[in-house]
Amino acid sequence: MSATEPVIRAEGLAVAFNGRTIFKDVTFDVRRGEIFVILGGSGCGKSTLLKALIGLVPLAAGRAWLLGEELAAADDDARRALLRRIGVMWQSGALFGSMTLAENVELPIEEHTDLPRPAREALARAKLGLVGLGDATGRLPAEISGGMAKRAGIARAMALDPPLLFLDEPSAGLDPITSAGLDKLIRDIARDTGATFVVVTHELQSILAIGDRCIMLDKEAQGMIAEGDPRRLRDESTHPTVRAFFRREAA
Amino acid sequence: MTATTAARIEVRPAEGGVALAVAGRLDAASAARLWPEAMGAARQGPVTALDLTALEGLDSAGAVLLLKAAPDAEARGASATVAAELERTRKALATVPPPPPPPPFRPVSDIGRATVHRARASVAGIVFLGETIVTIARVLARPRLLRWSDLLRHLDEVGTRAFPLTLLLGFLIGVILAYQSSIPLRRFGAEVFVPNLVGISLLRELGPLLAGVVLAGRTGSAFAAELGTMTVNEEVDALRIMGIDPLAMLVMPRLVAATLVMPVLALLMNLAGLAGMTLIMSTLGYPWAAVESQLQQWLSLQDLIGGLFKAACFGMAIAAIGCRAGLSAGRGPRAVGDAATAAVVGGIVAIVAMDGVFAVLFFRLGI
């Protein structure tokens, strides 16, 4: 794919469960190197959209291209190669409970590369050091806090230096200080690595702190109601739901 | 996008050691290929110089390779992006403390750790036993403390739903025992005593024991998994904070249900086993009347009651061990699996050990 081509292209995406439409006609592009935020109220389909983009939820309509490849149309080899180039941090961290943090990060490296064990271990430690968990490499997920689990989830998502990272609710359930620290971490990683981030969140502070551009989904509208710079949407949008969201008002 | 070339390493002699020159793009695939070569060069002597003039780019795996092979070398000719990636990885690795040294006399420390762990588990088990006895006394004094709806649910789950499996196993065991014992007994012309052998084995020993194994595998593990999940989800803590005794609410209905149901399961196992044995005897030419006569002559009510009493004790032990395993589950998803395993293993070991004690006791009492 060319440097100017969007990292993600979504055209007319729709998802429905048991005949109930979650969203429809969702169309947007994500540009290389930006932090793109999918925002909206609870139950509007933010996380479902993320899962639809990475192929975990089937699309009822529309097409999506990641890094120039259409995941739904890819054969097994192309799909595996594409999945190697994306990283996902899950809302709960989704760390494997029987493995230490270092082993969690090492897992995709072992699966997708031929690096010898000392190299894998050092790389996993480096990734955990990058997210500030250098002193917790030997701990189990049950032994760390929620904020640390999110950081470890980011470290695992970054294990293979993917150019595209998806983060599902990275700051949900965290205190403001930890949340702000995580926002800074995401900003720093995006700046240092040049990776593109797609972040699903409804945390207003996070949206304004890290988002370069965003789309907003709405449960009532069953789709997108706004797109653009979150700060401009906050200041200039005339859409009542967008205004209510950014001003923290009851709809 | 510009084309990149696969990375390669050149090792040159240098003052006080060796120099490495790296060219191409050093990504994870290249790093995996070049790792032995780079580490081999590092073993030849300290890498004192790193020439990165021809390095087109690297990812974090490439950075790890360079930092491992040449931790103290001065990097020359690196582009801004390469230098930034190297610096970022160097800083990240610097935050990771070195792994702790292995403890001296590893087997000794392992034995010590296991002993302490076992001792603590034993103490916790005794505490649980004591608390359970106190709770039983409280429930006997105030029966409304027992949740009767839960008791009925557990009676159904532990009992009626286990009936088909118990009947099937009992029938098969009866068939197997009859066939196996008929072979040696036939050599002495004593085939007619097969019902005596199978009947006594089943009523006194195998019926309660096999019903116990069924209960431990089917119900003990379910108790542990259910209570373990509740513990992991902090539901048990929530009960305690609400002033509700988890032993009274969660353990008692299961304990009572298992204790009441086990004699029934053992009885079913006995009857199904005798039915299986009778079938085999009929194929060997012995009519039901002959089998019945042997059973009436040789089996006593004492054999049956002794076996059913043992079964009730087994049920209580299995339920207590399953509940204890669940309530003492650790944190994380692995804890539930560990609790279920501990319940099954602990339950089976406990009933076999108890059976040994009963064997000695019955022998001494002449039962």
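Heads up, residue numbers simply count up from 1 along the chain you see.
Cβ coordinates are placed from backbone N, Cα and C, and glycine is handled just like the others.
Straight from TrEMBL, the features:
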- B:7-93: domain 'STAS' (DOMAIN)
- B:121-141: transmembrane segment (TRANSMEM)
- B:161-179: transmembrane segment (TRANSMEM)
- B:255-284: transmembrane segment (TRANSMEM)
- B:304-327: transmembrane segment (TRANSMEM)
- B:339-363: transmembrane segment (TRANSMEM)
Report task. By DSSP assignment, list the helix, strand and coil residue numbers for the domain 'STAS' (B:7-93), in that order. Result -> 41 helix, 29 strand, 17 coil
Query raised in the report: Are the transmembrane segment (B:304-327) and the transmembrane segment (B:161-179) close, by which I mean at least 3 Cβ pairs under 8 Å that are 6+ residues apart in sequence?
Result: no
Requested in this report: Output the single range from B:121-141, B:255-284, B:339-363 maximising the number of Cβ pairs under 8 Å to the transmembrane segment (B:161-179).
Outcome: B:255-284
Query - Spatial neighbours of the transmembrane segment (B:339-363) far in sequence, C-beta under 8 Å, 6+ residues away - result: 205, 208-209, 212-213, 215-217, 220-221, 223-225, 227-228, 306, 310, 313-314, 317-318, 321-322, 325-326, 328-329
**Report entry** Local confidence of the prediction over the domain 'STAS' (B:7-93), expressed as mean pLDDT
**Finding:** 88
**Report entry** Tertiary contacts of the transmembrane segment (B:255-284), as residues 6+ beyond its ends and Cβ separation under 8 Å
**Finding:** 132, 136, 146, 151, 154-155, 157-159, 162-163, 166-175, 177-179, 182, 191, 194-195, 198-199, 202-203, 206-208, 210-212, 214-215, 219, 290-291, 295, 304, 307-312, 314-316, 318-320, 323
